[in-house]
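> I'd like to ask some things about the structure below.
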Ligand code: SAM
């Protein structure tokens with residue numbers, strides 16, 4: 001039975017030949033050809049027959065087909081016009097799929113959710129993302145505070161590790177804080193290159209992001225908080241005091257920085273990578289109030 005699915009090497013090759021399709025590397029086109037991996041993605045996404053699914057980059061429909069089978073409705077954004085007739089063909093048995101020809105970075109996803117799904121329907125974003133824009137896509141989706149429950153995505157392994165990292169690890173950085181401020185992040189599976197056609201140069205992981213009801217810390221000014229976090233990691237090997245002195249060089253002397261740091265109880269000789277989100281929030285709020 002599974003032989004018939006789009007996500008098999010033989011069926012994918014058949015479609016490629018039928019349409020004389022050539023992959024565009026610049027659009028991150030690495031298609032999935034393994035149904036087991038897709039079933040894993042869907043399981044971790046929490047998809048069931050009540051759920052709505054939003055997909056980014058359906059390609060030839062490998063994941064879209066599985067989402068159509070397991071969910072109530074799928075809306076997929078695809079940038080490459082050449083794939084539209086192909087998707088029409090490969091997904092013609094599924095009446096619960098809608099393809100939108102648009103760059104996801106330009107889409108008003110909230111309006112699409114409002115107009116394409118039932119009110120209060122649980123919505124999950126599920127995708128094998130184009131790797132060249134993984135971070136901009138995920139940051140757009142989480143920052144827009146969309147009414148979605150979770151995002152489960154196949155991305156570059158190294159990026160997944162950074163997003164799900166814990167303090168005091170090599171992968172921990174400003175991207176970790178940016179993602180974990182909005183979501184609970186977990187790497188659920190690492191996937192071999194052999195499940196893609198063509199095979200990418202990098203290893204991949206499935207990352208699960210569950211949207212938080214509210215951020216885990218209270219910050220007075222979000223933009224300032226994220227700027228301070230970024231500044232704390234500007235030069236990873238430098239101490240917090242040095243990175244912050246550099247960031248605030250127009251506003252404060254080194255002694256003033258030391259005094260503000262002391263008032264928080266956070267040792268300025270630590271490195272950014274040792275601070276957890278609560279400590280960053282305390283630092284940002286203290287610096288913000290002393291402006
Ligand atoms: N979902 C398919 C699969 O798993 O076989 C294809 C995944 S492939 C890694 C990424 C897909 O995203 C491609 O179909 C590509 O054309 C599409 N894509 C690339 N950039 C995009 C963008 N900015 N907006 C929407 N789709 C995009």
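Note that Cβ sites are derived from N, Cα and C of the backbone, with glycine treated the same way.
Just so you know, TrEMBL annotations are computer predictions that nobody has curated.
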> Among 78, 158, 161, 184, find me the residue TrEMBL lists at the same S-adenosyl-L-methionine site as 30, 32, 57, 103, 128.
78
> Looking at the binding-site residues 30, 128, which sits with the largest number of other Cβ atoms within 10 Å of its Cβ?
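Counting Cβ neighbours within 10 Å, the top one is 128.
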> Give me the long-range Cβ neighbours of residue 103 (S-adenosyl-L-methionine binding site): same chain, 6+ apart, Cβ under 8 Å, in sequence order.
77, 79
> According to DSSP, which kind of secondary structure is residue 30 (S-adenosyl-L-methionine binding site) found in, if we only use helix, strand and coil?
coil
